[in-house]
Every structure is written in C-alpha cells, then in structure tokens.
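Database features (TrEMBL):
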TRANSMEM  6-24  transmembrane segment
BINDING   THR122, ASP148, ASP178, ALA179  S-adenosyl-L-methionine binding site
Amino acid sequence: MDPGDGIALTFCVIFILILIVTWLSRKSLMNFIVAVLSRQQERELEQHNEDIEIGTVTEEEKTKRVAGVFSSVAESYDKMNDLMSFGWHRVWKDQFVSGLSAGLVPTTPSSDLRLLDIAGGTGDIAFRLLRHAIDIHNHPSVHLTISDINPSMLAVGRSRSESLPISHQAALSFLVADATQLPASIPDNSVDLYTVAFGIRNFTDIPAALREAHRVLRPGGVFACLEFSAVQGNPILDALYKRWSFSAIPLIGQVVAGDRDSYQYLVESIERFPKQEEFRDMIVDAGFAVSGDGYENLTNGIAAIHKGIKPVV
Ligand SMILES: C[S@@+](CC[C@H](N)C(=O)[O-])C[C@H]1O[C@@H](n2cnc3c(N)ncnc32)[C@H](O)[C@@H]1O
C-alpha cells in the first residue's frame, strides 16, 4: 500500500466513524454538534468573506487566479478528486452521463451528434460520453469537443485520451476557450448536448456562460450541469460535510499535492456557488426550459444535476 492509499484509508475510516457515532447519538446531542460545527463554519466563512472584500478582486484577476489554481493542480487533479470525495465523484459522474443517454436518439436522421464538454479538464465527462454514444448507443457519427480555459488541464486530458479506443480518439477534439466567450468556431445553434461538470462555479460571469450555452445549442438541445451544491434536509450531514471540506480538504491538498491554497480556493468556491433553486432560476433566465424542479440532488445535495432545454420556436 503506498502512502497516498494510507492517508485515504485513514480519512475514510475517520469519516465513517463520525457518521456512525452521529447516527447513534440522541437528537439533543446531534443538535449540539450541529450548532458547534455550524458556528465554527460561520466564523470561517465570515473571515473568508472579509478577506475577499478587502482584496476586491477584479474579474480579470479572478480569471487569472482560477487559471493559476488549475495549472497548479492539473497533475494531481485526478488523484486528489478520489481522495477528497472518497471516489464518489466517479459515481456522480457516471450517474450524470448515464442520465443524458448521449446518442440514444438520433438528433435528425443521419445527422452528426455534436457534443461540447465545457470546462472539460482532464476528460472524465467526455470519455464517459464517448462510451455511451459510440459503444452503448452505437451512434454512427459522434463529434465531441473538450473545451477548457486552461491548457495544462487539457494537456492532461489529451494525454489520457491516448489510451482510448481509436474510434473514440477520432471523435475527439480539444479547444482552449473561455466558457463565457466561446469562439466563432462553435457557431450558433450547432451543438446537441452541452455538458459542464464541476466547472461553472469557477466562471467569473456565470450568466454570460449560460447565455453562450444557449447560443451554441440547437433548438431542442440540452444544457446539463453537474456541480457541487447545498446539502438539503440533513443538518448533520451538512455540518459534517462543511467541516470535512474546510478542514480536511486543504490539509490533504497540502500533504498530497503540496498546495494548500488552491484546495482552500476550491472549497470556498463551492460555498459561494448559488443554491439549487437560485441556479435553476439563472438557467431559466438564460432562456432554457426546465422540467419539474429543474434539478436532481445527488447524495442529499452535496452535488446536483441541473438540466435545461433550448426551446424549439
Ligand atoms: C474542477 S475542474 C473540472 C474538470 C472536469 N469537468 C471534471 O469534472 O473532472 C474545473 C475546470 O474548469 C475550468 N475552468 C475554469 N474557468 C473556466 C472558464 N471561464 N472557461 C472554461 N473553463 C474554465 C478549469 O480550468 C478546470 O479545468
């Protein structure tokens, strides 16, 4: 067992023990724990918010800072994802991509299937989409663009893609682009499915990115987003999850990737991202139609899937 596995196992055991103890505890004790953890959390957030206000970063500075974070974490990103989420990000990604049924229904008879994975990073979502569209649904003509603002993340994705089957590699292209200003090489009404996973919370202008998604999707095309969200209906899990995020994740970042600050940023960006209903309303404001609540919670809302359809006019 290598040291990385040992650390992961230790955190896993601690987390499971905390969950068991809390589950067995009486309600009053639970309330006490929640109150203590929440208060600590509030203090930390107040401090972080003060720091941000004092710094008053411009959009350009924020974009640079995000770029710096992802350049710094690119090499360790996949390993860290497993450690931070106990591997659950794989389950969420599988569920996200299965629910999209890419390539199941031909868009129009004999037409190409055009997929755009925004903030695609190291390719986790794109590679799953290709498996579904080509291997499972046998779509005859798939084109998938992985787009990301960060060349270092895309470089890791490109190198990982070399071990894909040739048919998958042939369907892939890579594009360095800012999601809030997509280039003319992605024309209006040209995309069947737009995906963005664990990326949109980093965008400086989320409404602009949603408008771009609406512009490039064809009428009837689907916008699908997987993102960290807010725990709903389980205050114990909420308090423990926040404690884990703010304490353990920066620490793991420091120990495993030698980069505490980047992982501290990632945790804070989750906390600042709009809650489920607010984000659903932003999707509607950008011109998408949503069905039902417009979102699906995963693991009590630690993550959520939002979907919108560009109306056929
Ligand atoms: C947490 S990673 C997610 C990667 C991948 N989608 C996944 O689920 O594993 C977030 C990605 O968002 C990208 N990103 C941040 N701001 C962006 C922007 N404005 N436009 C496009 N990509 C951006 C980062 O470079 C990074 O690769």
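Just so it is clear, glycine is given a Cβ too, placed from its N, Cα and C backbone atoms.
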CB neighbours of THR122 (S-adenosyl-L-methionine binding site) within 10 A?
24
List the residues of the same chain that sit at least 6 positions away from ALA179 (S-adenosyl-L-methionine binding site) in sequence and have their Cβ under 8 Å from its Cβ, in sequence order, or write 'none'.
ILE118, ALA119, SER147, ILE149, VAL196, GLY199, ILE200, PHE203, ALA209, GLU212
Among THR122, ASP148, ASP178, ALA179, the record's S-adenosyl-L-methionine binders - longest CA distance, Å
16
Sort ALA179 (S-adenosyl-L-methionine binding site) into helix, strand or coil using the DSSP assignment.
coil
According to DSSP, which of helix, strand or coil covers ASP148 (S-adenosyl-L-methionine binding site)?
strand
For ASP148 (S-adenosyl-L-methionine binding site), which residues in the same chain are close in space, meaning a Cβ under 8 Å from its Cβ, but six or more apart along the sequence?
ILE118, ALA119, GLY120, GLY121, LEU154, GLY157, LEU175, VAL176, ALA177, GLY199
What residues, ordered by sequence, lie under 8 A Cβ-to-Cβ from ASP178 (S-adenosyl-L-methionine binding site) and sit at least six positions away in the same chain?
THR63, ILE149
